[in-house]
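Taken from TrEMBL, the feature domain 'Cytochrome b5 heme-binding' applies to 5-81. Per TrEMBL, transmembrane segment is recorded for 109-130.
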Amino acid sequence: MATLSKLYSMREAAEHNTRDDCWVVIHGKVYDVTSYLDEHPGGDDVLLSAAGRDSTEDFEDAGHSKSARDLMQDYYIGELDPDTVIPELEIFRKEKSSAFTTMLMNKTVQYLAVPAVILGASIVAGILFLRSK
């Protein structure tokens with residue numbers, strides 16, 4: 001027999017991002033981990049940084065064990081409303097690509113500036129050397 005789950009919007013989940021009221025979203029499921037903050041093996045900072053947002057990628061990157069995944073059921077309170085998920089995901093992707101582009105440009109300038117200065121100085125030194133002959 002199917003059970004009904006409470007549906008939450010991403011905006012609603014985002015409001016629960018403090019030590020006194022901490023929700024995380026993982027794989028479209030919403031978890032109230034407020035009472036687990038002090039017990040989390042990685043420390044409460046890990047959960048607080050993941051609070052109020054979709055933390056699926058962070059959760060998977062950490063390589064949680066099967067027992068950790070089973071423990072999540074104790075904190076399950078509902079699911080994301082599928083009608084509210086898509087707009088937030090599009091906004092997140094746009095922000096992420098913009099941040100990625102900025103980071104890429106900064107790295108390019110950082111790593112190409114020094115060789116460009118050295119090359120420029122070498123050319124000037126070569127011209128001055130040839131003129132002095």
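From the backbone N, Cα and C atoms, a Cβ is placed for every residue, glycine too.
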Residues of the parent chain within Cβ reach of the transmembrane segment (109-130), under 8 Å, 6 or more residues beyond its termini
none
Restricting to the domain 'Cytochrome b5 heme-binding' (5-81), report the mean pLDDT as a whole number.
90
